[in-house]
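Here is what TrEMBL says about this protein:
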type	residues	note
BINDING	H142, C146	Zn(2+) binding site
Amino acid sequence: MLILEGAQAGLSWEIVLNKRNNYKKAFDNFDPQKIAKYDDEKQNELLQNKGVIRNKLKIKSAIQNAKVFLKIKKEFGSFDKYIWNFVNYQPIHNKFKSLSDLPANTKLSDKISIDLKKQGMNFVGSTIIYAYMQSIGMVNDHEISCFKHVWK
């Protein structure tokens, strides 16, 4: 997910989601072990791949982030444990009445973004991290009228 979140920076989600299957194939099923080993030849291959966002910085960051992901996994036992520790392993259930109430980022996404950058990741600004938090279920931002909203 983090590769797609980073690729989306500055673009519409529609563009990235339409390329999701291409990304999955181009980035070896998002396997961080494989991505972390990408060399210049593989980077050039990705830069020529019309199925992905051909931005050199975003491609390099995906490789760098895979390396950091593996480092975090080794240190914490899993990336899951690392990231969910920020919310004490419990999702945040917001109670927004309308989409206009949803924030683009929060103090928590700021904190996680800063920590990930300290770890060595790129393209992990607060807005990207908040979107990531939503996508993995750390934050439930469904409107209270939505059938998917969970009351806690």
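Note: Cβ is positioned from N, Cα and C throughout, glycine not excepted.
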_Cβ neighbour count (within 10 Å, all chains shown) around C146 (Zn(2+) binding site)_ = 11
*asked:* So if I draw a 10 Å sphere around the Cβ of H142 (Zn(2+) binding site), how many other Cβ atoms end up inside it?
replied: 17
*For C146 (Zn(2+) binding site), just give me the three-state DSSP call.*
coil
